[in-house]
Amino acid sequence: MSTPYAKLPGWVEYGLVPLINLAVAFIVAGLVVLLVGENPFEAAYHLINGAFGRGEYIGFTLYYATTFIFTGLSVAVAFHCGLFNIGGEGQAYVGGIGVALACLWLDQTMPWYVVFPIAIIGSAFFGALWAFLPGWLQAKRGSHIVITTIMFNFIASSLMVYLLTRVLKPLGSMAPQTRTFAEGGQLPKLDWLLSIFGLNIGTAPFNISFLLALAAAFAVWVLIWRTKLGYEMRTMGHSPSAARYAGIRESRITVIAMMISGGLAGMMALNPIMGEQFRMQLDFVQGAGFVGIAVALMGRSHPGGIIPAAILFGVLYQGGAEIAFEMPSISRDMIVIIQGLVILFAGALENMFRPAITRVFAMRGQRAAAVVQTKGA
Amino acid sequence: MDFFHVLVVLLESTIRVSVPLVFAALAGLFTERAGVFDIGLEGKMLGAAFAAGAVAAVTQSVWIGLIAAILISVLLSLVHGYASITQRGNQIVSGVAINFIVAGSTVILGEAWFRQGGRTPALAEGARFQIINFPGADAIREVPILGPIYADLLSGHFLLTYLAFAMVPVSWWILYRTRFGLRLRAVGENPGAVDTAGISVIWLRYRAVICCGILCGFAGAYLSLAMTAGFVKGMTAGKGYIALAALIFAKWRPKNVMLACLLFGFLDALAIRLQGTPLPLVGQVPVQLMQALPYILTVILLAGFIGKAIPPKAGGVPYVKER
């Protein structure tokens, strides 16, 4: 279809269409559950109960959501500039170095509120650094950002194995991880926030980096829709040739957008390292960089959509753990399937149901017009 | 162990690990030459490996396993084709989605059907590929130089190994010497011209995507029916991405694809071989550096520092018919 799809009302565009895509993804996931020989409705019950059933569960759900807000924002910022940053995984992983270095350096002498800002800067710096090269290579040397960022994910993974087995590991220890941080390297929990609602967070690692994630979401909104840089990024994303004619310095914007994207991905490392494990372990990212793709697609690259989408994936992760516990034949890998289906239906097939929806609304529009006419006569 | 013997062993394992790369990279060659980017090679290979392992375990037939692998891989290819050709969705997003869906499904279904922690049962003799020994290989092995080359390098591989390397000239012939191949390459460069000539861009691209599925099916079947006796979860372990890197490294040319795959395979074999042994001059090279080398080389190549890799012009862009 060479004509763009007819304009739909806002609530349809940003509410109904993503919801339909999401619903289809869940129906297909339900079919997989059937294939395994289990009851999809029972699985759905455990999912919801496991995510919201208790204060502790909600704490875990929001803990996961924190991570996904960061990676979702990361992917979204690059999306706005027309770049597909598939390297959030590697950027988050390398961002962990910044967090670990700050903590290893200061944790024994400083309180958390001194270490935290330095760790934020460190994580953003290292994440941005890891995104700088692919961005620069795209801008100056014309290499495809998708391929370079994939390659950088693998390079990051090798680099981190090297660092954690040879450099950052304390002497005499066998496990590939840093030493456990002292109190200064541990973020306070947000138990008070949930206790306002009468919920007890229990052992859930829901911590102060959640507030940082919300602040980052607001900052991204300001950046994209309220600043010159954001305007230039969106122009480039919409039409690179228009941006060129308007005198926007493409390569500069590309590199900056990638560094912001990488910095946001890097900040994800604060949550698991300082908020939960209190040390840097191998594989602490656990696919969150890729979840960010699904989150950004679901949330239409808008912070207002990314936060609920991140919470949805938090629900999947926490509720998925509960399903795995209650229904032994379904492991946590169910989440990976759902994630893939969401990416497929909300991302690659986002226009599949659009013609039908557009037709429904066009018909309604005509009928409304007809009613107005008969009334006027 | 003399140097020559070490070299033969090294080259033998190079061939062994290169086979899935060759199949997968050739698979990518077909779609990408037709203008459809495919980062779902990994997922298709994994899905095929699982189907091969599962079906061969149940039917005890290596051939039915192979057919199942191809069917699943083609099916996944068609999903990718539907999303990126018919629905004109983002090809990268679709590829990522397929990788995820397969990674999750193979574990869930494997666990539900076989209950062995995501593995499929170990395959008995008839249910997996056997090594083919050339006539007189054992007798000739003692002959210096030529003996080991004939007995260990040329002989002693699986049927699929020979097929993989045979597919290189076959793919070249299809792409460069048949009408289908000519049109396929044209559709990746300038789909508008192909359309104007009255040839269906959509049908051509679908056929390219199906070719890709078949080849990925072989790659997956090799992993679970030849290299190992059964499917292990996550057994592709990034091979699909390495194949993608090899494809770029080869600048989308069949012969170069084979050489790039052999190079990456060699690096892999070398990394295993060198583990813990210091090299002259440079000292001990971290294994991780060796493992990252194919990726680093690809990045350097993409940056144009060692030649320029120019992808098919219409790659990644869905074709919209003019009205």
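Cβ atoms here come from the backbone N, Cα and C positions, even for glycine.
For A:12-37 (among others), the entry in TrEMBL reads transmembrane segment.
The transmembrane segment annotation in TrEMBL covers A:57-79 (among others). Only residues 6 or more beyond the boundaries of the transmembrane segment (A:57-79), in the same chain, are considered here, and those with a CB under 8 A from a CB of the stretch are 49-51, 85, 88, 91-92, 191, 194, 199, 201-202, 204-207, 209-210, 213-214, 216-217, 220, 223-224, 233, 237, 257-258, 260-262, 264-265, 267-268, 271-272, 275-276, 288-289, 291-293, 295-296, 299, 301-303, 306-307, 309-311, 313-315, 317-319, 321-322.
Nonlocal intrachain contacts for the transmembrane segment (A:113-133), taken as residues 6+ away from its ends with a CB within less than 8 angstroms of a stretch CB, comprise 85, 87, 90-92, 94-99, 101-103, 106-107, 148-149, 152, 156, 184-185, 187, 208, 212, 255, 258-270, 274. If you look up TrEMBL, you'll see A:113-133 (among others) marked as transmembrane segment.
Per TrEMBL, the feature transmembrane segment maps to A:145-164 (among others).
Long-range Cβ contacts of the transmembrane segment (A:204-224) within its own chain (Cβ-Cβ under 8 Å, at least 6 residues beyond either end) map to 55-60, 62-63, 65-66, 69-70, 73, 76-77, 80, 116, 120, 187-191, 193-194, 230, 233-234, 260, 264, 267, 270-271, 274-276, 302-304, 306-307, 310. Among the features that TrEMBL reports, transmembrane segment is placed at A:204-224 (among others).
The transmembrane segment feature in TrEMBL is assigned to A:253-274 (among others). Through the fold, the transmembrane segment (A:253-274) approaches residues 63, 66-67, 70-71, 73-75, 77-78, 80-81, 83, 85, 87-88, 91-96, 98-100, 103, 112, 115-116, 119-120, 123-132, 134-136, 138-139, 145, 181, 185-187, 207, 209-210, 212-213, 216, 220, 223, 229, 232-233, 236, 243, 280, 284-285, 288-289, 292 of its own chain, all at least 6 residues removed from its boundaries and within a Cβ separation under 8 Å.
Taken from TrEMBL, the feature transmembrane segment applies to A:280-299 (among others). Within its own chain, the transmembrane segment (A:280-299) is flanked in space by residues 18, 22, 67-76, 79, 86-93, 96-97, 99-100, 153, 160-161, 164, 168, 175-178, 265, 268-269, 272-273, 305-310, 312-313, 336, 339, 342-343, 346-347, 350, which lie at least six positions past its ends and keep a Cβ under 8 Å from the stretch.
Look at TrEMBL and you will find A:306-325 (among others) tagged as transmembrane segment. With a cut-off of 8 Å between Cβ atoms, the residues of this chain six or more beyond the transmembrane segment (A:306-325) that come close are 22, 43, 46-53, 57, 60-69, 72-73, 76, 213-214, 217, 291, 294-296, 298-299, 331-332, 334-335, 338-339.
Here the transmembrane segment (A:337-357) has Cβ contacts under 8 Å with residues 5, 8, 12, 16-18, 20-22, 24-26, 28-29, 32, 290-291, 293-294, 297-298, 313, 316, 320 of the same chain, all six or more residues outside its ends. TrEMBL lists A:337-357 (among others) with the feature transmembrane segment.
Same-chain residues lying 6+ beyond the ends of the transmembrane segment (A:145-164) with a Cβ under 8 Å from its Cβ atoms: 83-87, 89-91, 93-94, 96-97, 130-131, 133-135, 137-138, 176-178, 258, 280-282, 289.
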